Amino acid sequence: MEELAHHHPQELQLHILDDQEAKEGNSSQPISIITNSQAMITSESKNLWWWIRVALYSLFVLSGQAVATLLGNLYYKEGGHSMWLASLVQLGGFPILLLLYFIPTPKQPSDPNNPYIQIDAQAQSQSQSPSLKSLALVYLFLGAVGALNGFLYSVGLLHLPVSTYSLICSSQLAFNALFSFFLNAQKFTPYIINSLVLLTLSSILLAFQSDSEDHNRVSAGKYALGFVCTILASASYGLLLSLDQFCFRRVIRKETLRTVLSLIVHPSIVASVIIVVGLFGSGEWENLGREMDGYKLGKVSYVMNLVGTAISWQAFTIGTIGLIIEASSLFSNSISVVGLPIVPIFSVVMAMILAIRGFVSYAYQYYLDDNKLKAQRTSVGGDELGVRWALNARIASVNGYL
């Protein structure tokens, strides 16, 4: 105390301030360590959830595309021939997504006293909802492009063999890369270029080995029409994915479940209206009743095919938009191209399931017949030779039918 009394008041004040700063510095060190640890934990948690979302969206893309392609091929093979209806089921299944609007979404924390929330004026301005006019223009344009894309694909699939159709569809990855470069400033590293080349080559090899059909079944004019329509469909699909990414990041600027649904539902409504107008304007709607009656698998299978195709395409669309949000349109399209080899695998699995089901059904019928003959022998007291003769006759008749 005596030494402090001899110091100048200003020196004494500076000494006290230095002691306070030293104490605050020592006390803030553990707080800084805790904050950094919490930030690392939060970052790792977000990274894990990002991979989970990407895996889930990829599953939607791969499974939806495979099932929808198989059902669409089955529709044409078993007697369906309406291009407008085939286009409508690609986009008209959006009502099933309306149920997802009732899922509660967590609100963003906005407590200014929370030290872990940083409020940025620019981020707040970007997070504001776009104008209704901007959204209307976006949805109208995306819906028109989607309707055109669905119809062009339907025409191409109707007039081209599956091998040629798949080969041309693989070009959508190149179109998507081109549009992403101009619209979304997509950067191309050697790894990305190598991935695009390998994915395109794999789909080409798959297309050449998928079947041995040729274009002798259709006229040269229809074959040329299908070829041109498929090229245009691939280009429009690549453009559509790039536009989805561009509109989402430049216009909508939100990453919520409702924005994802809006980017699917509203353009689908526009596209469905356009396709329905084309369905009635072309007069194809008058033949839908006869088409259902003439469907080889029956009316119930006809309806189930259309419903299953619509649901599958909606699952594919959810996965596609989700991957665009989480990564990019080019990544989303790459996952779609990866799914091309899955289609024949699904086809083989379905064939095995049907074959096993048929064998089990036949074995069960044999079991029922055997029990019936045993019951008859017990009730009438017939001899064993007569029962065996009846059983062998039944088996011979079944084998002759097969």
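Cβ atoms here come from the backbone N, Cα and C positions, even for glycine.
The transmembrane segment feature in TrEMBL is assigned to 54-76 (among others). Long-range neighbours of the transmembrane segment (54-76) within the same chain, counting only residues 6 or more positions beyond its ends whose Cβ lies under 8 Å from a Cβ of the stretch, are 86, 89-90, 157-158, 162, 305-306, 308-309, 312-320, 322-323, 326-327, 332, 335-336, 338-339, 342-343, 345-347, 350.
The transmembrane segment annotation in TrEMBL covers 82-103 (among others).
The annotation transmembrane segment is assigned in TrEMBL to 135-156 (among others).
Taken from TrEMBL, the feature transmembrane segment covers 162-184 (among others).
Here TrEMBL flags 191-208 (among others) as transmembrane segment.
The annotation transmembrane segment is assigned in TrEMBL to 220-240 (among others). Same-chain residues lying 6+ beyond the ends of the transmembrane segment (220-240) with a Cβ under 8 Å from its Cβ atoms: 142, 145-146, 148-149, 152-153, 155-160, 164-165, 168-169, 171-179, 333.
Residues of the same chain lying 6 or more positions beyond the ends of the transmembrane segment (260-282) and with a Cβ under 8 Å from any Cβ of it are 82, 84-85, 87-88, 91-92, 94, 97-98, 100-101, 135, 139-140, 142-144, 146-147, 150-151, 244, 247-248, 252, 314, 317-318, 321-322, 325. As annotated by TrEMBL, transmembrane segment applies to 260-282 (among others).
Positions annotated as transmembrane segment by TrEMBL: 302-325 (among others).
Look at TrEMBL and you will find 337-360 (among others) tagged as transmembrane segment.
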